[in-house]
Amino acid sequence: MRETNQPIKKLVLTGNGMAGVRMLEHLLKLAPQTYEITIFGAEPHPNYNRILLSSVLAGGADMNDIIINQLDWYTDNAITLHTGDPVVQIDSAARRVISSKGIIADYDELILATGSSAFIPPLPGSDKDGVIGFRDIRDCETMIETARTHRKAAVIGGGLLGLEAARGLLNLGMDVTVIHINEHLMDRQLDRPAGLMLQQELEAQGMKFLLQKRTVELTGKRRVQGLRFTDGSSLEADLVVMAVGIRPNIQLAQSAGLKIGRGIIVDDYMRTSVPGISAVGECAEHRGIGYGLVAPLYEQGTVLAKRLAGVETLPYEGSVTSTKLKVSGVDVFSAGEFQDTADTRSLRIQDDIDGIYKKLVMRDGRLIGAVLFGDTSDGASLFSLIKSGESVSGREKELLTGQPAAGAAAVSPLQRLEAMPDDEIICGCNGVSKATVADAVQNKGCTSMKSLKACTKASASCGGCAPLVEGLLQLYAGENAGAAVKEGICGCTSLDRDEVVSEIQRMGLKTVKEVMHVLDWSEPEGCSKCRPALNYYLGMLWPGEYEDEKESRFTNERYHANIQKDGTYSVVPRIYGGVTSPADLMKIAAVAEKYNVPLVKFTGGQRLDLLGIQKEDLPKIWEELDMPSGHAYGKTLRTVKTCVGDTFCRFGTKDAMGMGIKLEKAFERMDAPAKVKLAVSGCPRNCAESGIKDVGIVALDGAWELYVGGNGGVKIRAGELLCTVKTEDEVMEWTSAFLQYYRESARWNERTAAWVERVGLEPIKEKLADEAVRQELVSRLEETLSYTTDPWKKIIDNDNLRKNFEDLNGAAALSGSSPAGH
Ligand SMILES: Cc1cc2nc3c(=O)[nH]c(=O)nc-3n(C[C@H](O)[C@H](O)[C@H](O)COP(=O)(O)OP(=O)(O)OC[C@H]3O[C@@H](n4cnc5c(N)ncnc54)[C@H](O)[C@@H]3O)c2cc1C
Ligand SMILES: NC(=O)c1ccc[n+]([C@@H]2O[C@H](COP(=O)([O-])OP(=O)(O)OC[C@H]3O[C@@H](n4cnc5c(N)ncnc54)[C@H](O)[C@@H]3O)[C@@H](O)[C@H]2O)c1
Ligand code: SF4
Ligand code: FES
């Protein structure tokens, strides 16, 4: 309860939503006794977190979880709240408002925070039952109820809202098609490559897409039954969710004579054109821009609260925005200007194998935009650089790859966090600054993400800031953090890799769902980091029993082919040791000719790659090739590169090709934490590049050397000598033991180079030096491999599996091309 008896002025807040109430919370802190406050809210609820409606729909949160301020908060702050009662008239001359129920409230300061409404395009039939927007609790409830009785949902609009709605409807068991007007998804936030990767990932989750489609009519009698498109095609639907953008709620302000553009026009202190009336949030238009994300709205609210409290404030000068799609299993981040223009320069990485895309856009040596797909862990720090406007000249590549520029000292993520100003907003959704996080950790005993979230609300909404908050936790908790801040395998758990694996073993957990449930995952569905990792660990631990979870695999592994940037696939048949025959070459040529394969190319691993293949042609091509899969797409043994060795080369000391073929035949189809490449060279001249392979074998006179942990990729690393042996059998045994030890000990997605560097070569050597241990490792790998079969053949022989390759809706109109890495 407030202690004052005599508030000086009357403040009326119109709109009980996120921006208005957040502004009030701030004002109450700055000047608790200055205003007698009345709030009118059109919705019948206390203030709630609209952002989390997506989680409610997807089943990740309950309606009660999303209330920000319970009714007693209003009472405690002596706020008069009228819910379900919108203001319908403003009398600015008399400084009073009138509500729909006829309540009259006088004001000295009127704040308009009426937000936006979902834009419902005026199409014939858009007034039918079953056609809704996705904006409030009522819409959310309508969708949940409809899913109980109906099957087919259509979402119009493939932006953030549409995709979050579609994911929620899928979770509710509906058959969901997203109809999008442009050629790639989230065109307002992503460039084309990221949009296409997103589409692939969501398709794999079961979402269907009709791209470049314009709806002209919603059909049906009283209730909607379908949609018709400009091209004459149609789609059945019992529920249509419109997610094609928002329109600020300006009618009230307009009728009161306030200056209006797209929204209510405000100055840099959130004043409207009429004295005594301010506007904040989505209803406001500032310097020609209306924002649709909470972070900028909270920034506006801070300026307004300070002005109303009589505290000196800098003007609000506009915001740079960042977004993160809240769909489980998909990591997408976008910030600032992401499109290239004549005066920008950009850097990109696209890794189709691991489904990662990163793009940074620079202007005048400053970072102005970023798009991340698949790995968004750098999102918050990149966003902070964008906002700071500091020069990144010379550091561009480091920012993209995480590797320091030549000659430059590496700046660790913790150092970067340390250098960040104290008032930097870490969590945009909840307006939490670095100083607030520091205070919670250092003075309020928050030493886990859970307690920090509860105490500060940081990372409690979209989750985009979680990596940054975790970083700060590490920075401030230091030694006191104990187990509380150790790195979990992902944000869903605080357990690290070794703990997860040993718990799976100890408790005999046999499915991904069971692991998440028993080990108390915070996200019941997991995320794109933990699902594939658990799938791997379970397969590694229970080779004979565990049924591979297809949906936990990346797209490439699900389709057993590499997806290219134009949406086509590449096919690489196995060519053991890079040694082929006229018969195989003729089969490849025949297939390439028959299916008009646009490009046939030799890979760096001495294979032939057929590029530009349509998904539906894959099983036919595999069948006609009648060759095993080259596994060019998975976290498996890729290739064993060989030189000609002593068979033809005058320097050769041994049969490098024979050794390579033997190794490849033994370990093909071996699942691993990350891809594995081998090479065998016939002498130390190393023509097969054995020095930069996961296992590189070099023949000497009378001996073989085995080098391990080499890498020729982004971060070049020379392999280290594991052992020198005499016979081919010993090469097989040591390679097998090394690979199995790596399979059993490395973190998922960790290449041998990173693993060897992390654990050190000596402990690995020591372990493998023990013959009994070596034999056990060899036999465990043999057992694992005995359960494997060729994936292409499995699909060719099974009509149901073949069906997955049929183009269900033919919707994706994709173009462009890029070769895959093998
Ligand atoms: C499903 C969903 C997910 C979202 N996810 C994110 C996200 O992840 N990140 C993000 O940054 N943003 C997200 N947003 C957007 C974010 O929720 C909005 O930007 C934010 O809620 C806007 O705040 P506001 O106060 O301006 O408007 P609102 O929160 O809409 O509040 C306005 C309130 O005013 C009421 N009102 C309107 N007219 C009157 C009147 N005449 N009298 C009284 N009351 C009135 C409305 O009923 C409403 O309750 C999401 C939005 C939705 C719908
Ligand atoms: N995770 C988040 O940050 C999040 C989540 C949900 C909503 N929001 C916010 O809520 C607001 C509404 O989101 P939104 O996705 O509706 O807006 P949006 O403007 O971001 O996306 C709308 C999409 O619909 C497409 N579209 C437009 N007309 C169409 C038509 N006739 N047929 C098919 N497609 C059409 C557009 O190309 C666009 O990509 C935005 O302000 C958004 O920022 C944010
Ligand atoms: S590595 Fe040695 S044996 Fe092999 S091709 Fe080169 S020179 Fe000849
Ligand atoms: S930025 Fe959305 S929860 Fe922190």
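Cβ coordinates come from backbone N, Cα and C, glycine included.
Among the features that TrEMBL reports, [4Fe-4S] cluster binding site is placed at CYS643, CYS649, CYS683, CYS687. According to TrEMBL, the siroheme binding site annotation covers CYS687. Residues or ranges marked as domain 'FAD/NAD(P)-binding' in TrEMBL: 10-286. The feature domain 'NADH-rubredoxin oxidoreductase C-terminal' is assigned by TrEMBL to 322-389. Annotation source TrEMBL lists domain 'BFD-like [2Fe-2S]-binding' at 425-474, 489-538. The domain 'Nitrite/Sulfite reductase ferredoxin-like' annotation in TrEMBL covers 564-626. TrEMBL lists 634-771 with the feature domain 'Nitrite/sulphite reductase 4Fe-4S'.
Overlay of TrEMBL feature records on the structure.
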residue	record	Cβ within 10 Å
CYS643	[4Fe-4S] cluster binding site	28
CYS649	[4Fe-4S] cluster binding site	16
CYS683	[4Fe-4S] cluster binding site	20
CYS687	[4Fe-4S] cluster binding site	18
Exercise. What are the helix, strand and coil residue counts for the domain 'NADH-rubredoxin oxidoreductase C-terminal' (322-389) according to DSSP?
Worked result: 10 helix, 31 strand, 27 coil
Exercise. Within 8 Å of the Cβ centre of CYS643, CYS649, CYS683, CYS687, which other residues of the chain have their Cβ, at the recorded [4Fe-4S] cluster site?
Worked result: VAL644, GLY645, PHE651, GLY652, ALA656, SER681, GLY682, ARG685, ASN686, ALA688
Seminar exercise, completed: When pLDDT is averaged across the domain 'NADH-rubredoxin oxidoreductase C-terminal' (322-389), the result is 90
For this session: Please state whether DSSP places CYS643 ([4Fe-4S] cluster binding site) in a helix, a strand or coil.
Result: coil
